[in-house]
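Enquirer: Look at TrEMBL and you will find 47-81, 82-116, 151-185, 186-220, 221-255, 256-290, 291-325, 326-360, 361-395 tagged as repeat 'PPR'.
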Amino acid sequence: MPFRSPPRSKLSTKLLNISISSLCKAKQISKAESVITDGIRIGVLPDAVTYNTLIDAYCRFASIDVAYSVLARMREAGIDPDVVSYNSLISGAVRKCMLSQSLDLFEEMLARGVTPDAWSHNILMHCLFKLGKPYEANRVFKESVLRGEVHATTYNVMINGLCKNGYVSHALSLFRNLQRHGFVPQVLTYNALINGLCKAKRLKDARTVLKEFGESGYEPNAITYTTVMKCCFRCGYFEQGLEILSEMRNLGFTFDGFAYCTVIAAMIKTGRMREAEEIIDIMVSTGIRPDLVSYNTLINLYCRQGRLEDALKLLDEIEEEGLECDQYTHTIIVDGLCKAGDFDGAQKHLNYMNTLGFGYNLVAFNCMLDGLGKAGHIDHAVKLFEVMEVKDSFTYTILVHNLCRAGRFLCASKVLVSCLKGGYQVLRATQRAVLDGLRSIGFTNEARKLRSRIRLARLMS
């Protein structure tokens, strides 16, 4: 029997789809459209795969509206949109946070008789979690279980969604129940659960799951370890955090600046400057090229140690590395100069920030205000306060607190009243300091009036 070649149109459509897929992956959608047009001219007709590839590309690299218009073109060509078409649209809408539109698309899919698959329900669950509707997401999950449509991705979506919505205990219970029924967790499952447990400060459970992760045959990555390490520091368990750092090094992880800066920042916050410097030495010796976050952490360390020259040298080094200082970098410098008592230098640096186009920096001005007050230059602090273009609750709290420290209780009372009239809040401890101060200098009537104003402001807020 002679050999018969496959029908030309079928083979050509397959080649067309390969071309369209390659162009779409390269973000050359206009060229993909031209190829489709040229194909139709020579009799090579697109099929559902062609249009679905186009829909997915428009969802990822253009707009949902343009992607949605492809459905009409499919129908005009006599091809019914299928579940893949709608899944791409719904997923694209969720990625762009067009959550209500994603639910509308799901309803349209049902109305047109397109049966959702497991992926459709996964996207729907993800959307509902993003909308803060965990109960609705759980209902979809249960329905998927009853239909037998769940797989590892479904469980990952559920565990991640529960954690992000604050239902960490439910996520851990689901994880344990799944394990009892033979479910083998994936890397994404472990990472989602560990991240959720750490955010909930459930360090013991996070470390238990991390240990299981390492024994599962999978390898926790640097991000997983760093997440747990940050949780240790946040909970005050610094030795455990350093143990995890040591464990990461022993396992041969290649560190980025983020992991080291996590440790350095924790050391700085607790005043463990010597240990922070040791970690910096380790980071430098390993040849890691610092990013801006790393530099900001180092500048903060030097400023806290009073090593302003070293901190300022790092500003030059940042520029040499081709990086640009941000507002946070300059705010650290201003704060460091204030703490060192160099208020002229701090003012010059504020002016320098303006020339760089950063505009008004309230945090930097608050640092300046606090520095002047703590150094006993209360009159200068009051003058600065009066010329500040923008103020917030911290601004008022700083000035009121420092006026009380200077024994200027009447002035503090006036600033506090002005603060309350503006709808700002001052710490209750600072309010009590003003009231106690007024009573201590014999102004009990003024203290009584101020107390009434404070109560009224609380009722109005």
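Heads up, the Cβ atoms here are built off N, Cα and C, so glycines get one too.
Remember, predicted model here, so these are calculated numbers, not experimental data.
Thinking about packing and proximity, how do these listed features fit into the structure?
Expert: Taking Cβ pairs closer than 8 Å, the repeat 'PPR' (47-81) reaches residues 13, 16-17, 20-21, 24-25, 27, 29, 32-33, 36, 88-89, 91-93, 95-96, 98, 101, 112, 114 in its own chain, all 6 or more past its ends.
Away from its own ends, the repeat 'PPR' (82-116) comes close to residues 48, 51-52, 55-56, 58-60, 64, 67-68, 71, 74, 123-124, 126-127, 130-131 of its chain (Cβ-Cβ under 8 Å, at least six residues beyond either end).
Averaged over the repeat 'PPR' (151-185), the predicted model reaches a pLDDT of 90.
The DSSP breakdown of the repeat 'PPR' (221-255), given as helix, strand and coil counts, is 26 helix, 0 strand, 9 coil.
Tertiary neighbourhood of the repeat 'PPR' (256-290): same-chain residues 222, 225-226, 229-230, 233, 238, 241-242, 245, 248, 297-298, 300-301, 304-305, 321, selected by CB-CB distance under 8 Å and a gap of 6+ residues from either end.
Beyond its flanks by at least six residues, the repeat 'PPR' (291-325) meets 257-258, 260-261, 264-265, 268, 273, 276-277, 280, 283, 332-333, 335-337, 339-340, 342 of its own chain at Cβ-Cβ distances under 8 Å.
Tertiary proximity for the repeat 'PPR' (326-360) is limited to same-chain residues at least six positions away from its ends with a CB under 8 Å from its CB atoms, namely 292, 295-296, 299-300, 302-304, 306, 308, 311-312, 315, 318, 367-368, 370-372, 375, 377, 380, 389-390.
Sequence-distant contacts of the repeat 'PPR' (361-395) (same chain, at least 6 residues past either end, Cβ-Cβ under 8 Å): 327, 330-331, 334-335, 338-339, 341, 343, 346-347, 350, 353, 401-403, 405-406, 408, 411, 415, 419, 422, 424-426.
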Enquirer: Six or more residues beyond either end and a Cβ under 8 Å away: which residues meet both conditions relative to the repeat 'PPR' (151-185)?
Expert: 118-119, 121-122, 125-126, 128-129, 132, 134, 137-138, 141, 144, 192-193, 195-197, 199-200, 202, 205, 209, 216
Enquirer: Report, as numbers and ranges, every residue of the chain located at least six residues beyond the repeat 'PPR' (221-255) whose Cβ falls under 8 Å of a Cβ in that stretch; write 'none' if there are none.
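Expert: Contacts of the repeat 'PPR' (221-255) (Cβ under 8 Å, skipping residues fewer than 6 from its ends): 187, 190-191, 194-195, 197-199, 201, 203, 206-207, 210, 213, 262-263, 266-267, 270, 272, 283, 286, 288.
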